[in-house]
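First comes the structure, then the notes that go with it.
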Amino acid sequence: MQICYKSLFSMESNSTNDTQISLDDIDYEQFLKKDIPATVFLILLSIIGSVGNIHTILVYLFSPVMAKLAVRFFILWLAFTDLTACLFCMPFEIFDIRYSYTFSSVGACKFFRFLNHVVTLASGGLLTAIAIERFRINTKQLHRQTRKPETWINIISGIIIGVAVVLSIPAFVFYGLNEKETSILGLTGRDCTILSEYQNLRTAVSYSGVVILFSTICVIVCVVIYGKILYVICTQMKKEKKRKEKPNHYHINESTSDVNSVNTQAISTINNSDLELRNVQTEVTGKSKNKSSKTGSKYEKGRRLTISLIVATAVSYAGYLIYVFTILVKITNPSLYENSIRPATAILLRAYFINNASNPIVFCLIDKTFRKECLKLYKKTICAKKLSQMY
């Protein structure tokens, strides 16, 4: 009898080992066959995004030039949010892809799906807040502020992240380890997805609808606002072009009161000396030129920053729109999805991560000031290292 029990136990143990080995083999084969492109895509985004967002944080924290920007703290909050996605959410997605049949941790599944929702929603909300702030600056509709700008910017950013956290709480409930069928009859694995009991439930569908609606509203708001900003920029550029066509136009319009006051003072003190009066006027005109050139340079920097933010927002939401398009095609046109889109599904469904990695690249390519400050940071670091080695 004892031998019989041992025999049965041995058979059960071997069966379990065979099942485990089979699932591992299926997992690995699936990874080699379909998931390597998506894994490489996420690895590249994670590395580029991590390095880029760290640079963004350091530049906007320590650069005295960037400290003058009104949207500085918004960009810092955005960079920290994107860095979280690059350091934690993307590696989790890579792990989930690699172990698509043998995922075993319920807690990790729920937490990282929750974190994924938080950073995605917070990033979209912060991009929208930046768009509104740039609109206020470019249209010169800034109201009187009773508090320091960084105070209310930090409050707004905290509220945005708080809303993102609240909206992401249902992910703890809906996500978990779900059974996943394999090609072998009777053999099933486990994957981190929406639990089967919630997949056809109205609550889960409504939650997904709310998340998509929130993101879509952010997209629409950014499109409308940046459209208006582009119109303002184009109008300003046309006016500047007309001013350049009239060489003495700035002298007539700018610093008129300064010239009059200086002329009055000069007439009363030097008895209408034509020579000295001309010198005074020349000096004031020179100051006007310097003032005009400084103002023009300031506007140009602000314009470059605005354009870089417009491009960064467009690239960010392009990834989200690709994700939504893939879901819509899968629901509305299954045949098109199976024939054309399914092979690239693993990448397309994670295209929203482009949002978290693209912003520093856009800043570096378009914003000359960002590049200069980044180089200054490197020079300071190298000089500090050399000094520490010397002493």
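Cβ coordinates come from backbone N, Cα and C, glycine included.
Here the transmembrane segment (38-62) has Cβ contacts under 8 Å with residues 31, 69, 72, 75-76, 79-80, 82-83, 85-87, 90-91, 93-94, 97-98, 346-347, 350, 353-354, 356-361, 363-364, 370, 373-374, 377 of the same chain, all six or more residues outside its ends. Here TrEMBL flags 38-62 (among others) as transmembrane segment.
As annotated by TrEMBL, domain 'G-protein coupled receptors family 1 profile' applies to 52-363.
The transmembrane segment feature in TrEMBL is assigned to 74-94 (among others).
Among residues of the same chain six or more beyond the transmembrane segment (114-132), those with a C-beta under 8 A of the stretch's C-beta atoms are 71, 74-75, 77-78, 81-82, 84-85, 88-89, 92-93, 156-157, 160-161, 163-165, 167-169, 171-172, 175, 211, 214-215, 218-219, 221-222, 225-226, 229, 309, 312-313, 316-317, 320, 352, 355-356. If you look up TrEMBL, you'll see 114-132 (among others) marked as transmembrane segment.
Through the fold, the transmembrane segment (152-177) approaches residues 71, 73-74, 77, 81, 103-104, 106, 109-110, 113-119, 121-122, 125-126, 129, 133, 145, 190-195, 198, 204, 207, 210-211, 214 of its own chain, all at least 6 residues removed from its boundaries and within a Cβ separation under 8 Å. Under the heading transmembrane segment, TrEMBL lists 152-177 (among others).
The transmembrane segment annotation in TrEMBL covers 210-234 (among others). Tertiary neighbourhood of the transmembrane segment (210-234): same-chain residues 117, 120-121, 124-125, 127-128, 131-132, 134-135, 138-139, 167, 303, 306-307, 310, 313, 317, 320-321, 324, selected by CB-CB distance under 8 Å and a gap of 6+ residues from either end.
With a cut-off of 8 Å between Cβ atoms, the residues of this chain six or more beyond the transmembrane segment (305-327) that come close are 69, 71, 123-124, 127, 130-131, 134, 138, 212, 215-216, 218-219, 222, 226, 229-230, 233, 337, 341, 345, 348-355, 358-359, 362-363, 365-367, 369-370. The transmembrane segment annotation in TrEMBL covers 305-327 (among others).
According to TrEMBL, the feature transmembrane segment maps to 347-366 (among others).
Packing against the transmembrane segment (347-366) from elsewhere in the chain are residues 37-38, 41-42, 45-46, 48-49, 51-53, 55-56, 78-79, 81-82, 85-86, 89-90, 93, 119-120, 123-124, 304, 307-308, 311-312, 315-320, 322-323, 325-327, 341, 374: each is 6 or more residues past its ends and has a CB under 8 Å from a CB in it.
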